[in-house]
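Data block below; observations after.
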Amino acid sequence: MISHNSPYPAGGPSSPPAPGPSPPCPSRALAPPRPAPPALAPPSPWPVAPLPRPGPPAPWWVLGLPRPMIRPGTNIDSLPPQLRRSGGGGVALAGGEGLKSAGTPSCPLARSLASFNTLSLSLSIRRLIPSLSLSPLRRLTPSLPSLPYKGTKNSLETGRTFATIFADMDFRQRLLEATTEEDFKRLIIKHSQELAEEQQISNDKRIEMNHEKSDDFEYQKRCSFARGLREDLERRLPHYLSDYRDGVVGHKTVQKVVSTTFFLYFACILPAIAFGVLNDHNTHGKIDVKKVIIGQVIGGLFWGLFSGQPLLVQLTTAPLAIYIKIIYYICDDFKLDFNAMYCAVGLWNSLFLVIYSLFDVSRLMRWSTRSTEEIFALFISIAFCNDAFNDVRKNFKSNYYSPACQGGLNSTDSLNQTSSLNATAYSVLGNHSDAYTPTVSGPYHDPNATLTLVDEVCKRENSILYLLLMFGTLWLGVMLYNFNKTPYLNANKREALADYALPVAVIVLSFIGSYIFRDVDLKNEMEHFRYDDSYDVFKLAPLYSLPVPAVFACMGLGFSLSMLFFMDQNIGSAMVNNPCNKLRKGPAYHLDLLVVALMNGFLSIFGLPWMHACLPHSPLHVRSLADVEERVEQGHVYEIIVKVRETRLTGLFSNILIGLSIFLLPYPLAYIPTAVLDGLFLYMAVTALNGNQMFERITLLFMEQAAYPPNHYIRRVPQRKIHKFTLLQVIQLLVMCSLGFAPWPYMKMMFPVALLLLMPIRHRLVPMVIEDKYLAALDGEHQ
């Protein structure tokens, strides 16, 4: 059975010592020999790695001897005594098969083969995890407990077993974070036990589904009231304490929590100020910046403590500001008290939301697909861009294209044609004073004349600086956000810069605009920033002043508002609970809707602005708390989330900082220019496009086919069908934009209805144009 003699020459100088005869392996641990195949496979042409030698004798390749080969199916008892000794290294197997032994490797040859398998396994794992040291892996396999595996298990099968375990990205990340050999072994054993338990649970669930009892079904029919709410409580209550612990324990958890807290602070305080200014202008001071910030603190803390999914970010939004403006117009037309009607509409809205929560209306969101979510997310990005460029248009109209600049004469030339001013007048003019009384001398001197400058100063530098600050904030924020993809610095510093991208961009550009270019007047851009601290915020609304017909009118407005809350809240929840985010604690749609109802009912009583889940803040919040892994496929680099730290601490800490910011109003927060705020809006709009397949398919319209990315739907769907589905989505988006950006306030009330109609359009009309097999690839469940 041996193709060559012993690798040691008889009586040679390098022969091993002649100890006593080594006891053979127990025969009870050996399987019966397999019958020889009709034609033996030739020896493998590939070189086989030499076995490690524990003894001092020179190996066979040094002595110039041929390598001995063991035929498949060889019984260990038939081997010569030399190969059963500890010095019998250098044995190769023909055909790559192992020896037939059903027990643990007790004989020397089997131990040598185990060492070979361990080395091959270590090299395979080293290729899988480059930064992992091989030293603990060389001792890993021999130290594992004896398991009932087959005796013919070779290195390929062992490596395949470990590769199956390492397929879990979260587990692979934890192995990379292991510092000692004991931690490495403990993680592998624990993970194998978890996989066994998950497999058992899945089998039990499959058995229950195949043998469902009729009485259980009848019980569900009888107790359907608030069933979804009860399921949410049962799902989330066991994780309540871990929501706090997961914000402290873990590798780089504290660093992620701190950076995400500052990200949420700047991402919430600046839009709160912007919407406070907008509401102050629309309601003539009924809802101002102070009320918006206080409402944000109360709602954010309430949500952080009692919500089911704390990763959602609650914020007042542009559609809510439009709705508040509509209520003010109605009150102005019918001479009604604004605070009373605002409170009544908010209470009706909360009542309808409570009804939706108790009767499981959120189950309708199972008809909401990726298409609906991406259309709404793209609409929000367009809304942010629209607000930013509207401010740019107003700035250019009042400065760059002002009558003083269009006339071709600067302010000094126009004044010299009328009178001559002394140095004092020129200095005042340089400071852009709105009105002053200069000293005038000359033949036309009139001591009683007062010269008033009204929009006669050409301030084109103001508009140029506005563009510089806005696009500078966008560029710096996006550049730092993607800094972890660059080769500069080390991995930790790159990740830290990416985490603090938004705070750094806001602070740097605010310093540039308010200090370096302090000679350029930007104060007029903050002229609507009124901060009145002379009234009591917590004053009850006078509901008794509303007549009965107005109360029923408020019910209609409240129902329309509840549809907006229902869609925005649930779409935000669906995007946060996206399976791609790999959240482990489960969703809580019904519980979150109930918390939103109670929170906004309290805010309505005191005339504070309403709040609901905000896009794109909520998905960006998840992304900030996540560990990501880059993958390259056919030259295209994309990121995959490995794990997310599901904690309540970031929301609580950021809202506490917002509450402390009340002491920073109006200054130094007023030093943040409006241009930087618009740059923040553009940053939110651009970063929200990451992972939006609708936007990616829109870019395919302007791309040659050879450069298409290797996405799953490109491989499975014809190009014509892809563009047709994208065109249908663009049409729906244009309809939503025509309603959301309409110049007539009452027309904007139809926006929630249009948002709700996206689901029946997707499931009834779109399948008439595109086949279901293609829709499954284009609009599948977050592939």
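Every residue gets a Cβ built from N, Cα and C, even glycine.
The stretch that TrEMBL tags with transmembrane segment, taken from the ranges 725-743, 744-762, is 725-743.
Below 8 A, the CB atoms of the transmembrane segment (464-484) and the transmembrane segment (669-689) form 3+ pairs separated by six or more positions in the chain. Take the transmembrane segment (496-517) and the stretches 257-277, 289-306, 588-611: counting Cβ pairs under 8 Å, 257-277 has the most. Of the two recorded stretches, the transmembrane segment (588-611) does not lie close to the transmembrane segment (725-743), with fewer than three CB pairs under 8 Å once pairs fewer than 6 apart in sequence are set aside. Counting only same-chain residues 6+ beyond the ends of the transmembrane segment (289-306), those with a CB under 8 A from a CB of the stretch are 268-269, 272-273, 275-277, 279-280, 312, 314-316, 529-533, 537, 595-596, 598-600, 602-603, 607-609, 611, 648, 651-652, 654-656, 658-659, 661-662, 665.
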